[in-house]
């Protein structure tokens with residue numbers, strides 16, 4: 001919102017200076033301690049003792065706080081959702097007038113919608129973001145299966161010509177207003193076009209299915225790594241549903257299935273393209289964009305097909 | 001605050017009567033529309049949309065308008081360069097006078113509505129109304145997110161003197177035991 005998003009700032013020149021310092025492990029020369037003291041020692045100390053293989057007799061606190069740390073197993077899932085909190089240090093927005101709050105949110109929604117309606121406007125930004133992510137991935141040792149040097153040379157010239165503009169990146173703030181309205185209208189249209197008897201079942205079924213599949217997709221995208229968060233992925237895939245909404249609206253008026261099918265192909269392709277560009281901008285790792293977009297394409301194709309056959 | 005007061009008296013004592021009315025309208029409107037919707041319309045779709053939009057409006061209104069006008073708190077969530085999620089808490093200057101009427105009403109309804117949705121969720125489950133259960137789950141999620149975020153924001157900033165607010169202290173400490181440690185603090 002108020003804090004501008006900045007791309008991953010990694011200087012490629014510093015990448016070569018990256019070296020591992022050897023860990024200096026102190027030998028475990030601790031004198032045997034009383035059990036009472038041991039029970040009150042911190043968990044970190046217990047872990048170091050366990051690794052050192054020192055005197056480890058029955059210790060009650062091992063049952064209370066076991067040394068096996070399961071959080072490592074869920075690391076890929078939790079990585080992006082680690083919560084830090086800090087106090088707001090920018091200007092005072094607590095006393096701003098209500099219309100200013102409204103205006104800011106409407107502008108953010110408009111930017112987001114624009115990025116879906118005209119994805120090509122983001123393509124340059126996507127290129128730069130992908131380049132930055134590639135450098136960051138290389139520096140942190142993630143293999144994305146792309147020859148860096150070749151791609152880097154292609155992109156370096158582009159980036160030299162077009163300096164990064166921060167103002168383009170502020171549309172990265174996610175919101176769920178668009179997805180909410182899109183799924184509501186989409187479900188209403190499908191519900192009203194189905195037979196009268198079960199229209200409410202169709203409506204709530206479509207609504208629930210769209211949201212749950214979007215959530216599953218967002219988890220998938222987040223697990224693939226990169227700097228995208230769960231809600232950002234949810235928002236991105238939800239906003240990219242906009243062409244499907246157009247498809248649903250046109251299917252009210254056009255009953256001829258051949259034209260419906262042509263529209264289906266065009267609009268689903270548009271949706272998938274918009275989602276691809278937006279996901280690239282919001283931080284999916286370069287070699288994994290296809291893995292991220294594949295289930296999204298399947299869901300869009302299925303949802304679009306509902307509009308064709310209804 | 002213990003002496004009986006009429007609703008209009010409370011509104012008159014408020015520093016932000018319009019914000020208070022909107023707050024109460026959306027807060028109470030969504031559960032009421034859910035509970036009584038079928039008396040006014042036979043269409044489930046219409047009821048569903050009304051409740052969803054009221055819930056979304058309530059969520060946005062509490063998060064962005066009511067919180068900062070009534071108790072001087074604001075929270076949001078943003079993503080940093082590494083994709084980590086950060087909770088940002090903004091609290092008013094301690095010198096700023098928080099109207100006790102505003103504060104009491106805000107905290108009372110902030111904690112009450114999740115319970116109301118929880119009760120309606122149990123009822124919907126017992127009546128096997130699974131379509132309505134979708135609505136209840138959405139309502140529960142949205143209201144609980146706001147409650148937890150504002151509780152944390154309040155604890156984080158300590159701008160609001162909770163001791164002066166009966167509802168704030170009682171339900172705040174009770175809530176602190178119920179919520180997972182994820183939302184309670186940064187330990």
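Cβ from N, Cα, C; glycine included.
Per TrEMBL, region 'Disordered' is recorded for A:1-53.
The compositional bias 'Acidic residues' annotation in TrEMBL covers A:13-29.
Among the features that TrEMBL reports, compositional bias 'Low complexity' is placed at A:34-49.
Taken from TrEMBL, the feature domain 'Yip1' covers A:170-306.
Summarising the annotation, TrEMBL assigns transmembrane segment to A:176-193 (among others).
According to TrEMBL, the feature transmembrane segment maps to A:205-224 (among others). Sequence-distant contacts of the transmembrane segment (A:205-224) (same chain, at least 6 residues past either end, Cβ-Cβ under 8 Å): 76-77, 80, 179, 183-184, 186-187, 190-191, 230-231, 233-234, 237-238, 241, 279, 284-285, 288, 291-292, 295-296, 299, 303, 306.
Marked as transmembrane segment by TrEMBL: A:230-254 (among others).
The transmembrane segment annotation in TrEMBL covers A:261-279 (among others). Remote same-chain partners of the transmembrane segment (A:261-279), defined as residues 6 or more beyond its termini with a Cβ less than 8 Å from a stretch Cβ, comprise 115-117, 119-120, 122-123, 126, 221, 228, 233, 236-237, 239-244, 246-247, 250-251, 254, 289, 292-293, 296-297, 300-301, 304-305, 307-308.
If you look up TrEMBL, you'll see A:291-309 (among others) marked as transmembrane segment. Long-range contacts of the transmembrane segment (A:291-309) within the same chain: residues 186, 189-190, 206, 210, 213-214, 216-217, 220-221, 224, 237, 240-241, 244, 247-248, 251, 257, 260-261, 264, 267-268, 271-272, 275-276, 279, 284, each at least 6 residues beyond the stretch ends and with a Cβ under 8 Å from a Cβ of the stretch.
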DSSP-assigned states of the domain 'Yip1' (A:170-306) in counts, ordered helix, strand, coil: 117 helix, 0 strand, 20 coil
